[in-house]
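Below is one structure, written out as structure tokens, with a few remarks after it.
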Amino acid sequence: MVHGMKMIAFMYSTCLVMVERVEAADPDPLVDFSANATTPVFRNIFVNGDVTTGSGGVRAALDIGKFPGLTSQGLTVVQFKMVPCGENLPHTHPRATELLSLISGGPLQAGFVDTKGQAHIHILYPGDLIVFPRGMLHFELNVGTETAFYLSALNSQNPGTLDSAGAVLQLPERAAAIAFNQDIATVGALRLHRPYNEPPTLEAAKPGVCVPGQFITTSC
């Protein structure tokens, strides 16, 4: 009897773990193709997509609002045209893993920091791909002399994007000052010049911070 109760408890706990794992990802599609979609083709993403332009280039995204064909497919797609010394600011996607592919231009310095604080930084050339695991802080910087054209696919129709530096500066000044090991005045000055980046835009480096085509390395 006791053995049987233990077995039932084990099976119940196992089912709970399986349910939690299923709920952690987008649900499986229930239909072949969304009834709200008229076509599986989306044309000219840099005109018809969700386009944001910053000093570092152009970002064009697709979600189910712009492209109903993605509904329940567990995908988000973003394309980028990044000028030399432009950066996709450090950020995270709390609900998705990202796969980035450099098509032309660059090269890109790109990478992420894991939960042990180890940085995984690489130089990408056309034809290269890099994966940013779910929730990891990551970035892309065009260290070359040509506009970088690249695209990213994320395995959620709602991955979320959290601007990491901007998010810290949204905290009370005392909390942010302790995090940066700075005084209150320094943090206050940073907040004036560094608003939260929403919607996400590509930003160009300040003069002297980056020189196109120089220091193509993983260490600086």
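Glycine residues also receive a Cβ, built from the backbone N, Cα and C atoms like all the rest.
Owing to the predicted nature of the structure, the values given are computational and were not obtained by experimental measurement.
Under a cutoff of 8 A between CB atoms, and with a sequence separation of 6+ in the same chain, the neighbours of Glu98 (oxalate binding site) are Val131, Phe132, His138, Ser152, Ala153, Leu154, Pro159. Residues annotated as oxalate binding site in TrEMBL: Asn88, His93, Glu98.
The feature Mn(2+) binding site is assigned by TrEMBL to His91, His93, Glu98, His138.
The domain 'Cupin type-1' annotation in TrEMBL covers 43-188. Summed and averaged per residue, pLDDT over the domain 'Cupin type-1' (43-188) gives 97.
Among the features that TrEMBL reports, signal peptide is placed at 1-24.
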> Taking the centroid of the Cβ atoms of His91, His93, Glu98, His138 (Mn(2+) site), which other same-chain residues have Cβ within 8 Å of it?
Replying inline: Thr92, Ala96, Phe112, Phe132, Met136, Leu137, Leu154, Pro159, Thr161
> Judged by the number of other CB atoms within 10 angstroms, which among His91, His93, His138 is the least packed of the binding-site residues?
Replying inline: His91
>> Around the C-beta of Asn88 (oxalate binding site), how many further C-beta atoms are within 10 angstroms, looking at every protein chain?
In response: 28
> Tally of helix, strand and coil residues over the domain 'Cupin type-1' (43-188) according to DSSP?
Replying inline: 25 helix, 71 strand, 50 coil
> So which other residues, same chain and not among Asn88, His93, Glu98, have a Cβ within 8 Å of the centroid of the Cβ atoms at the oxalate site?
Replying inline: Val78, His91, Thr92, Leu100, Phe132, His138, Ser152, Leu154, Pro159, Thr161
